[in-house]
Structure formats: structure tokens, C-alpha cells
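Since the structure comes first, as C-alpha cells, the remarks are kept for the end.
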Amino acid sequence: MEPRVFTSQQRDLPIVRLNNRAMQSLRKTKVFKNVHQEQVCTLDFSVDGEIVAAGGDDGLISVYSAVQGRLLTTIPVKRYGCGVIRFGNHKSAVLCASKPVLDPGSGSLQARAPDNAPLSWDDHIRYLSLTESKYIRYFRGHRARVVSIAVTPNDDSFMSAALDGTMRLWDIRYPHCAGVLQVRGRPAVAVDPSGLVAAVAFSDLLKLVIKLYDLRKWDEGPFIDFESNVTTSEPTVLKFSGDGRSLLVGAAEPNPRIQILDAFNGCLQTLCRGHANDQAYELDACFSPDSQYVLSGSEDASIHIWERATGNPCHVLHGHSMYSRALGFNPQYALLVSACQNVVFWQPDPATLDYV
């Protein structure tokens, strides 16, 4: 399987634009079953788009080739779990945030790892080598579960946010925290495509608050902050669009609405709705790499696609047996990956793509 290139610095590869016909032609090209015994809760792509890594509630990380469409390896991480997984700027390692592991049989929390050692549900972040299946570095400092990690695209910095109400700045080469900020509640973090601006979102007094920081002047505080009263729920998803002009905000709430905000002034650009979430699951959402579409999982096991500019529905994908908590669009190839317990690759019909 060779996904069509969407954007690339490799000029020998074709560059294409997505359109409504392409999004409506998305079809399952690979379904990976029986890799995970519980739901996949997080996934991410390497910067070059060639590798996909997914973490599950069963304490397993699965690694796939996006180009070849095959499973490369699985890495058990039951001792610490994996609630958030993010690639840095090297495709051979990922950042992992700890999370309690569920027993595949009962669905309850496991007490011991496969080697009979007690599980360690600490709140550290770990840098895991995918080639050697071992931890390279530990990042200690958070005092509650880490729920959000964002990596800067042009250096080795990354940000984390946790249920302890703090946001921390790190250098992936060193174990010590480079800075910490106090926020509130359940924060979510994101870094813009330039790698110069960081955003943190949290709920405060029944309103959504978003603060923007210049990462070169981190300690001077936010250079702008704005509020939204569209939802009073705590944000679970915060992402910049690929063009850096918009922020996507999602929350675990009934009657779900994905907010698309102007990244410069916080004004509401559009609302994406129509998907279901009566049980207030933490559903993932993302932009397409060209920033023209918004995608989200739904409680009814479908995936909804909207036009980013208007919020109009574009298409609904069906193919999962349960709701998808993790999904992402490849940054370099016309490839969507979503996951319930199975991991699914979706590709458009090449005939529908607009080549530049």
C-alpha cells in the first residue's frame, strides 16, 4: 500500500489537495484486529508520516508502517500504561504518559504486570525507544495524571498538562522540567505549526479559557487570552490547524460541539456538530493536514467529517464496532487512521484528488 502524498518536502513526490469528493470516497484499506485487547485511547504519527503508534487501555503500544500498511511491532507497557502517546522529531521514539491498565477479561484495573511485578501508576512521562523497546528517559514533576502532550515541530521541546492543574515545559534531551505554570482543572495544550506559540485551554468558572504563550518568552506570561461560553465542560482536545489560523476545541459532553476558534483573537469561526456523545466519552478530533476539514469520532461508532470554513457536514464514515477514541490524519500522506479496539486505515480514491 502506497498512500498518496499530501504535503511533502520531497519534491519528487506529487502534492495533492483534498476536496469533498476525496473525503466522501474514504474507504477502509487496512483493518488491524486482535492486536489490542481493550480500546485504543491514543495514537500519533511520526513527523515524516511514515510511522503510526497507538496506545491502548490494555497497556500495549502497537507500531505500524503507514507506507506499507502493516504492523511493525508491539511493545507491552503494562507496568505504567499509556494514556497519551506523541512522537518527537525522531520516529524511533515516542513520549508516553502513564495511565492505569485495564484487565482484558474483567475491564477492572490490573494490580500486577505480566512479570507479577506491582504496577506503578505514577504520573511521569517516559521517552520510549520503539526500536529497542526500552525507556530512554523519565520526565518527573507532575503530581497527577498527564492528559495532554504537545511537541514543538522545530526543536526538542515539548509541553505537558496534567490533572494537577499545571502545564510544564520540557526539553526532550533532559529529564528536568524547564518551566511550570499553574492553570486550573483539566488543561489541554497545543503548539502552533511555527513552534513559537503554545496554547493552553481549561475550564474556569463555567467558561472556557485559552491562553497563548510565546515560547521564546515563556516566563513573561500569556501575550493574549480569550474566553468562550459555548461550553462549560472541560476541554479534552486542543489542536492548531496546519495553517496556524484556527484552534480546535473539543470536550467530553452530551450534545457535543467542536469549536473552531480564530487562533489570533479567539473569535468563534464555526461549530461542528451532529455527532453523538450522550455518555460524555473523550472522543478525539482533528483537522485534515490542509486545514480544510474537521474530523471527530462519535458515540455511535461513526466518524464525522465537516468543512472547516462553514461547519457544514461533508461525510460520515462507518466501519468501527464501537466508538473511536483516537484518530488522526497523516501529516504527509492522504491517510486517515482511526481506532476503537481495532486500528483502521482509510484512504480516498486517487481519482478524486486534485494534484498541484
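Using N, Cα and C of the backbone, Cβ positions are placed for all residues, glycine too.
Annotated features in TrEMBL:
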DOMAIN    8-80  domain 'Anaphase-promoting complex subunit 4-like WD40'
REPEAT    33-74  repeat 'WD'
REPEAT    139-173  repeat 'WD'
REPEAT    287-316  repeat 'WD'
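Here the domain 'Anaphase-promoting complex subunit 4-like WD40' (8-80) is broken down by DSSP into helix, strand and coil counts: 5 helix, 33 strand, 35 coil.
DSSP places the residues of the repeat 'WD' (139-173) in helix, strand and coil in these numbers: 0 helix, 19 strand, 16 coil.
Summed and averaged per residue, pLDDT over the domain 'Anaphase-promoting complex subunit 4-like WD40' (8-80) gives 92.
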